[in-house]
Amino acid sequence: MSPQTETKASVGFKAGVKEYKLTYYTPEYQTKDTDILAAFRVTPQPGVPPEEAGAAVAAESSTGTWTTVWTDGLTSLDRYKGRCYRIERVVGEKDQYIAYVAYPLDLFEEGSVTNMFTSIVGNVFGFKALRALRLEDLRIPPAYVKTFQGPPHGIQVERDKLNKYGRPLLGCTIKPKLGLSAKNYGRAVYECLRGGLDFTKDDENVNSQPFMRWRDRFLFCAEALFKAQTETGEIKGHYLNATAGTCEEMIKRAVFARELGVPIVMHDYLTGGFTANTTLAHYCRDNGLLLHIHRAMHAVIDRQKNHGIHFRVLAKALRMSGGDHIHSGTVVGKLEGERDITLGFVDLLRDDFVEQDRSRGIYFTQDWVSLPGVLPVASGGIHVWHMPALTEIFGDDSVLQFGGGTLGHPWGNAPGAVANRVALEACVKARNEGRDLAREGNEIIREACKWSPELAAACEVWKEIVFNFAAVDVLDK
């Protein structure tokens with residue numbers, strides 16, 4: 001026997017490969033209040049038992065690797081390993097299972113969404129034993145929530161800053177999204193804000209291109225919003241997109257926005273990354289700036305039902321990383337979004353405590369403790385005829401954002417803004433009087449048209465515009 005063999009035998013180390021389920025499938029495990037809990041939709045390869053697939057997810061996203069290693073003996077795997085503690089078959093789907101995994105809190109760096117995602121979804125999605133894998137939900141324990149700053153300000157502070165209460169906020173994305181000069185861009189901002197909108201917005205891919213450098217855009221937009229504020233007596237904002245190629249450049253743009261005295265900046269949090277987003281959120285908290293978040297690239301990650309990460313997880317991650325607004329779909333517009341699923345993650349964005357509710361896709365009860373809420377932003381293919389439904393679906397604590405539905409008005413940008421403001425005020429008034437927006441919505445809009453020619457013109461233009469496509473991501477039966 002060689003010295004090497006003698007050494008291995010003497011420490012009881014047995015090399016080789018063993019099934020994951022022998023170590024990481026623990027149906028007897030009782031979850032702890034401090035565990036991060038995950039619900040994965042697992043589609044195993046043919047011949048792979050669901051218990052082995054669920055255990056493989058737990059192993060590869062925590063302490064495991066493909067073979068036994070001698071350094072396992074230098075730590076306590078029982079303390080640090082992830083555990084697949086329950087598996088459910090998905091009704092109506094062949095070979096799909098929900099695998100529940102518990103992770104000890106010590107596996108994660110405090111205050112770092114980047115580290116949390118690197119661990120839980122960083123490597124396991126390419127695992128050959130799985131045909132497909134989707135992270136459906138996470139339960140973030142209060143002990144971990146308290147390590148995050150979260151949104152720079154939150155819903156109530158934003159309302160106080162803007163002095164706007166009792167209704168949804170109104171916004172507009174400036175179109176065309178690319179190609180305008182900074183001066184023409186600022187002109188559109190001014191006209192929309194003067195017409196009655198609360199916000200205008202840079203589109204997600206407006207950064208600092210040759211046709212419009214960021215500093216020029218910031219200057220003209222600031223001039224526009226201050227002029228609109230003076231004329232209307234209302235506080236206005238424009239989401240100045242600070243997203244950039246480096247964190248240093250991003251912060252430089254946010255600093256310039258603060259020096260101009262504007263109330264809000266913007267970030268593309270998925271393409272920009274969670275580290276950049278958290279950095280910007282901390283700057284905004286320290287310097288009194290609101291932070292609007294765009295979810296560009298989300299559908300690459302969340303749209304397919306059997307693979308990726310559900311948006312409710314990305315929404316939770318954003319609330320932890322930091323943002324005062326985030327785009328959340330519309331239910332009624334041009335973009336993907338089933339009603340019950342959308343309302344489920346809207347509640348996860350806004351509320352302090354959300355109960356488990358599988359009918360809305362919420363797998364775990366979530367307690368946000370004292371983390372501020374985030375305003376959901378309904379944007380994408382919406383117009384004045386959608387206003388009753390949007391007001392009823394999203395309620396007061398939301399931003400309703402009409403891009404083409406403002407700038408596409410036949411009389412111009414300011415009349416388009418007037419039409420949207422009149423429609424919103426009519427819907428809020430009707431709701432407060434006890435009328436049913438879902439049933440009487442069209443009638444409410446027609447009544448308002450009688451005293452608003454701008455709204456009447458908008459209603460005529462968009463009276464036949466609908467987006468009747470079934471959602472791809474729907475609830476399980």
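Backbone N, Cα and C define each Cβ position, glycine as well.
Candidates LYS14, LYS21, LYS183 were compared with Swiss-Prot; the annotation N6,N6,N6-trimethyllysine appears at LYS14.
Cross-referencing SER76, SER359, SER370, SER379 with the substrate binding residues that Swiss-Prot gives (ASN123, THR173, LYS177, ARG295, HIS327) picks out SER379. For the active-site residues LYS175, HIS294, the ranking by surrounding Cβ atoms (within 10 Å, all protein chains) places HIS294 first. Here HIS294 (active site, proton acceptor) is positioned 26 angstrom away from ASN123 (substrate binding site), judged by their C-alpha atoms. Taking the mean position of the Cβ atoms of LYS201, ASP203, GLU204 as the Mg(2+) site, the remaining residues of that chain whose Cβ falls within 8 Å of it are THR173, ILE174, LYS177, ASP202, ASN205, VAL206, TYR239, ASN241, MET266, HIS294. Proximity of THR173 (substrate binding site) to non-local residues of its own chain (separation of 6 or more, Cβ distance below 8 Å) is seen for THR200, LYS201, ASP202, ASP203, SER379, GLN401, GLY403, given in sequence order. Ranking the binding-site residues ASN123, SER379 by C-beta neighbours within 10 Å puts SER379 at the top. Cβ neighbours within 10 Å of LYS177 (substrate binding site), excluding its own Cβ and spanning all shown chains: 14.
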